[in-house]
C-alpha cells in the first residue's frame, strides 16, 4: 500500500527543520558574541574566536563573551531535552522544568547551600542543583500520585510548589543577605560567566545526559504504546520511568547550574519542534527540541540586550518569561487542555463538622489578640481590650494599641478579602489550586503598584490603591480575553498562569533597573503591613464592605456551578455570565488586598481549603469560615514577622508562604480518592 503524503514527507520535514535550526543557532550564536559592552569591533571578535586572542579585547571575547554564548547553548539544549523527557513520562505536553517546579527546587538548593552550606559551599553548583531538582521531583511526584489525572492539575501543583520554593528563597535572602547577594542576578536567569569552569562542567555533564536521553528514545516510543503493550514487548515501564526522570533531573540541574532558573524554554522548544517537524520518533523530537531550546535562549539573550542596550544587563530568564508567557497562552488555546482538564473537584472531601464551625472565628480572635499583645512592648489581654474599647487606664497598652492596631486591622481585613477571593475563584473554575496569584490578578496589581512607587515617589495616597486595582483588573480582563469566549475552566486557569509569569518577568525587570531608593517597593512586593495606618485601612475596608456582601449573595451560584457545567445549565444558570461576574468580584477583592498589604500569596489558596474541612459543601458557610481563617492567617503572619528575627521584620507575605507550603503538601498528600 502506498503511504499518504504525510508519511514519506515526515523525514524530509525533520531534516529541513534540523537544517533550519542549525542555521538559526549559528545566527543567534554570532549575534550573541558580537554583542556586548566595550564596543569591540566585529573583526576583532571573529579573529579571537578563530585564531585566539592577540590583545585585551580578544581575551575579553574568549573569557566572557564566548563562555556566555556556550552557556546559552548548553542551558537551552538541556531544557529542551528535559521537557521532552518529562512530557513522555507524565504523558502531559504541558510538563516543563518550570511548570513542574523543578527549576525552583534547584534554585532553592543552591540558595540554601550559599546561605548555610559551610563545607558544602564548595560543591559544584550543578551537583547542588541536582539535589534540589530531585527533591522537587519527589514532591511533585507525590502530588501526582495522589491527585486525579489531568494535565492541568499537575501543572498547577508544580506552579504552586514553585511559588512556595520561591518564597523560601526570598526568606533566606532576607535573613542571609550578605551570603546570598551574589545570587540575585543568577536567580533571574543569566548567562554571565566568570570564565569557562562552570560552562565546561555543564557541557560535559549535559553532553553525557543528552546521550543517555537519546538512548532512551526507543524505550519511550514503546512506553507510549501503553503499559500493557509495553509489557508484552518486554519493556520494564517502572525502570524506564525512573531512568528517564533521573536523566531529566540531571539536565535540569545543568541548566540551573549554568544559567539559573529559566521559564518556559523547554515547553516552547518541544512544542515548536512538534508543530514544525512532526517527528515520528522520540529520539528525533529530543534532538530537535534541544536545538530549538538553544536557539530560544541565545535569541532571548540577544533580544534582551537589543531592547535595553548592551550596557544594561537584562537576565535572560526574564526575557524567556516575557516571551514564553504568550507562547503558553497559544499552547492553552491549541486544545491541549480540554474542558475536563480542570481537575474536576475540590481535592478534599467537603464534610460538614458542626462541632468545628466555631474554630475559624476563635482563631481570628486569638490572632487579633496576639497582634495587640505581643511585641517589644508586651501588654496583657485585659489591658489590650481596655485600650481598644476605651475603658482601660494603662498608658502602655494605649500606646501599643495605637502602634499595632492599624496594621493589625489591615492584616485582618486583607486576609479576609484574599480568602473570599480564593473561594470565589476556586468555585468559578472548579479547581482546588485556583487563587488570585495563579490567575494573574495579584501579578497585575503588583506590576501597576510597583510602577507607581518607582515612577511617582510623591504620589497622593489614593494613587497606589487605584493603580493596584486597575492593574489587577486589567490582568484579569486579559486572562478572560486570551482564554476566549466560553472557554473551559482549564484553559482559563492555564492562561492565568501565563499572565502571572509575564507579570513576574516585568516586575523583575523593574526591580533590576530601579534606583536604590526603591526599598519601599521591594517591601511591597514581599507583602507587608509595616507602616500601615488609617488610610490603608480605608483602602481595603471600604471596598470590602461592598464586595464581601456581593460575593456572599452570589454563593448560591457557586453551589450550582460546583455541580458541573451540564447540571448548571439544566438548572437554568447562565454559566458564562455567572463565571465572569464571580471572576470580577473575586479579582476585585484580591486587588484591594494587594493595594493595602502588598503581594501576598497562599491566603486565597489555603483558607478556602481549610474552611471546607469544617464547613462542608455549602459555599455560604465555606465563605464565612474562609474569611475568618484568612484573617487569622495574615494576622498571625504579621505577628510572627515582627517577633521572629528582631530587629529585622520578616514580610508577612514570606511568612504566609512558609506556612502555606507545608499545608499545600499535606493537603495534596491526603487528597487520594477524595476529589469529586
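From the backbone N, Cα and C atoms, a Cβ is placed for every residue, glycine too.
Segment annotation: TrEMBL labels transmembrane segment over residues 357-388 (candidates 197-228, 357-388). In this chain, the transmembrane segment (282-304) lies in contact with the transmembrane segment (69-88); the count of Cβ pairs under 8 Å, excluding pairs fewer than 6 apart in sequence, is at least 3. Distant neighbours of the transmembrane segment (463-482): 329, 333, 436, 439-449, 451-453, 456, 492, 495-496, 498-499, 503, 539, 580, 583-584, 587-588, 590-592, 594-596; these residues of the same chain sit at least 6 beyond its ends, with a Cβ under 8 Å from one of its Cβ atoms. The listed stretches are 100-119, 125-143, 282-304, 357-388, 537-558; of these, 100-119 has the most Cβ pairs under 8 Å to the transmembrane segment (155-175). For the transmembrane segment (357-388), the residues of the chain that approach it from at least six positions outside its boundaries are 394, 396-401, 403-405, 407-408, 411-412, 610-611, 614-615, 621, 624-626, 628-629, 631-633, 635-636, 638-639, 642-643, 646, judged by C-beta separation under 8 angstroms. Long-range contacts of the transmembrane segment (578-610) within its own chain (CB-CB distance under 8 A, at least 6 residues past either end) are made by residues 160, 163-164, 167, 346-348, 360, 410-411, 413-415, 417-429, 432-433, 435-439, 441-442, 445-446, 449, 464-469, 471-473, 476, 480, 523-529, 532, 536-537, 539-540, 543-544, 547-548, 550-551, 554, 557-558, 561, 568, 622, 625-627, 629-630, 633-634, 651-653, 656-657, 659-661, 663-664, 667.
With a threshold of 8 Å between CB atoms, the same-chain residues lying at least 6 positions outside the transmembrane segment (100-119) that come near it are 82, 86, 125, 128-137, 139-140, 154-155, 157-162, 165-166, 168-169, 172-173, 175-176, 179-180, 182-183, 186-187, 249, 252-253, 255-257, 260-263.
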